[in-house]
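Accompanying notes for the structure given below.
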Amino acid sequence: MNNIWWQTKGQGNVHLVLLHGWGLNAEVWRCIDEELSSHFTLHLVDLPGFGRSRGFGALSLAEMAEAVLRQAPDKAIWLGWSLGGLVASQIALTHPERVQALVTVASSPCFSARDEWPGIKPDVLAGFQQQLSDDFQRTVERFLALQTMGTETARQDARALKKTVLALPMPEVDVLNGGLEILKTVDLRLPLQNVPMPFLRLYGYLDGLVPRKVVPMLDKLWPHSESYIFAKAAHAPFISHPVEFRHVLVALKQRV
């Protein structure tokens, strides 16, 4: 059986699992892991096929969620960023008893634009898939640059993301392609209406991948959930606004 790379740190009485986004790995959390581990028992995970979790091919969202869950604590707050938000959401849907609270960061239940639903144009995602087979390192770098555009610290945030990618071997092309396929096809808008646990959605006001127009739409669709917008952040608020990000999570811990 292929193993998921998993690191646990901290002594908190609440477990917090952090799931990264497409093309990246758990090193992306190093800007906040020390501070968070003083409040939580923190679990850093490389999603299957990414970072140090080698030996996986392209997986469906359900397969990815099951692979991660095998090594997870019995109960935890699950936090997923971007693609990781879909994985955390899938776990909340299929194993709600394992999820103390669900937190999605710069994530959408449906990343792809649909009728009357803002998102990434499907042909843009298809274009990324096509470019992966031509020059996949450059394609990943382009995707990362999109994530920080517009912030006051865009250049240094983009450098931090690129450093995270280059710190470890690149994922296989079919793994990257499978992740884009999830972003292109998955739609959890209706299933997530019924999750029973506390549900916090975090957004960057300047995010170019998850338009802020989805926030009031999901507030209405999921009235049991809460939303919070980082006013000057783009797609990676934990990198651009680590202190504010930590405060939001510590406040959540006190409520659950």
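Using N, Cα and C of the backbone, Cβ positions are placed for all residues, glycine too.
What Swiss-Prot records for the substrate site is Trp22, Ser82, Leu83, Phe143, Leu144, Ala145, Leu146, Gln147, and among His224, His235, His241 the residue it adds there is His235. In the predicted model, the domain 'AB hydrolase-1' (15-242) shows an average pLDDT of 95. Using Cα positions, the member of the recorded positions Leu144, Leu146, Asp207, His235 nearest to Ser82 (active site, nucleophile) is identified as His235. Ranking the binding-site residues Leu83, Leu144, Leu146 by how many other Cβ atoms lie within 10 angstroms of each Cβ puts Leu146 at the bottom.
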